[in-house]
Amino acid sequence: MFLLPRFVLVSCIIGSLGFDNPPTNVVSHLNGDWFLFGDSRSDCNHVVTTNPRNYSYMDLNPALCGSGKISSKAGNSIFRSFHFTDFYNYTGEGQQIIFYEGVNFTPYHAFKCTTSGSNDIWMQNKGLFYTQVYKNMAVYRSLTFVNVPYVYNGSAQSTALCKSGSLVLNNPAYIAREANFGDYYYKVEADFYLSGCDEYIVPLCIFNGKFLSNTKYYDDSQYYFNKDTGVIYGLNSTETITTGFDFNCHYLVLPSGNYLAISNELLLTVPTKAICLNKRKDFTPVQVVDSRWNNARQSDNMTAVACQPPYCYFRNSTTNYVGVYDINHGDAGFTSILSGLLYDSPCFSQQGVFRYDNVSSVWPLYPYGRCPTAADINTPDVPICVYDPLPIIFLGILLGVAVIIIVVLLLYFMVDNGTRLHDA
């Protein structure tokens with residue numbers, strides 16, 4: 001074992017002078033069991049319908065268009081489809097999930113429920129929503145949308161209370177006040193049902209502030225009650241502000257079952273759509289590519305806030321988004337990030353994707369897959385090598401055995417040669 005320190009030293013020298021395996025700023029996959037969710041920057045169908053076809057519109061390599069591993073829609077996002085009438089049924093399945101969408105609901109759209117509302121609250125909602133999506137897609141293979149049927153026994157219909165520009169909220173639905181109620185101080189209920197999926201992401205939302213109607217202020221109060229298990233989920237307004245508040249949403253992960261939506265004050269809300277989560281899998285971190293505009297439009301960082309290790313790896317370009325088709329489509333930096341989908345890679349980490357699994361100049365943080373076992377850690381004065389000890393000990397033993405064999409062979413031939421000279 002006296003050879004081990006020398007072996008480590010030699011390995012350090014060889015590693016520092018020769019082979020390098022740095023993490024690369026791409027999204028990739030271990031094998032063919034992967035899926036990408038996106039928008040126009042990866043929507044092959046959108047390019048096909050343009051005349052003439054111009055694949056520079058996308059950041060995705062066109063070679064992946066026929067892979068069957070992409071669910072993307074120009075002008076949309078999973079969050080936008082979840083809450084609003086502008087809907088696309090994102091559907092996909094894979095062990096390794098990649099997201100490159102979210103830009104189609106940003107401060108640039110300036111959405112708020114009412115004229116005195118707050119877009120900041122909707123950015124907060126976006127972050128909370130994607131946190132649940134990313135966490136759950138690290139343990140589920142399949143994502144799609146399902147409609148949530150509900151039964152309300154009153155005569156009032158759902159109302160488009162929350163809308164701004166072209167966006168109209170329809171999840172959750174608002175049930176209008178019954179004609180025989182003089183104000184909003186009343187209790188009302190509706191049944192809804194979740195079936196067919198392993199789990200569901202559903203919204204539970206309230207106006208967190210004093211809601212003014214006909215000179216009266218109301219505190220919002222909403223609950224969901226699982227009639228099968230007895231579990232209740234609820235939110236009550238706690239803020240005393242009268243302006244600058246908006247629709248605060250929590251995103252619940254619920255099992256199948258029969259539920260009761262309950263409002264104790266203001267309007268009843270009931271979920272109409274849910275993210276359907278199916279097919280449990282071994283924990284596999286998702287990968288998220290930053291989805292933002294050119295700097296001429298205001299973007300947000302909510303997907304970055306939502307994407308945290310160990311369940312998520314975040315990839316971003318260091319420069320402004322500048323497309324070649326137009327300023328918001330076909331950026332070289334993001335095209336480079338997506339180029340990793342063209343090949344398999346053995347190791348993923350917070351710093352990036354490793355192309356090889358032997359050694360690297362960077363120790364992988366939050367590693368997943370077959371990752372490098374060694375790294376050069378450079379201090380200001382002395383380079384130090386840190387290794388996973390088991391393979392190094394094993395290699396040291398093999399090297400020691402090899403040296404012993406060589407020494408034995410040398411001694412054998414030296415003795416044999418001496419005997420021959422003596423005989424001569």
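Glycine is no exception: its Cβ is also placed from the backbone N, Cα and C atoms.
Keep in mind that this is a model prediction, so the values were computed, not measured.
Swiss-Prot marks one residue of Asn104, Asn153 as N-linked glycosylation site, namely Asn153.
The recorded disulfide partner of Cys371, taken from Swiss-Prot and restricted to Cys312, Cys347, is Cys347. Across the region 'Esterase domain 2' (267-379), DSSP classifies residues as 16 helix, 38 strand, 59 coil. When the Cα of Cys312 (disulfide bond) is compared against those of the recorded positions Asn89, Asn236, Cys249, Cys347, the shortest separation belongs to Cys347. Summarised as a single figure, the pLDDT of the region 'Esterase domain 2' (267-379) averages 94. Most other Cβ atoms within 10 A: among the disulfide-bonded residues Cys65, Cys162, Cys371, that distinction falls to Cys162.
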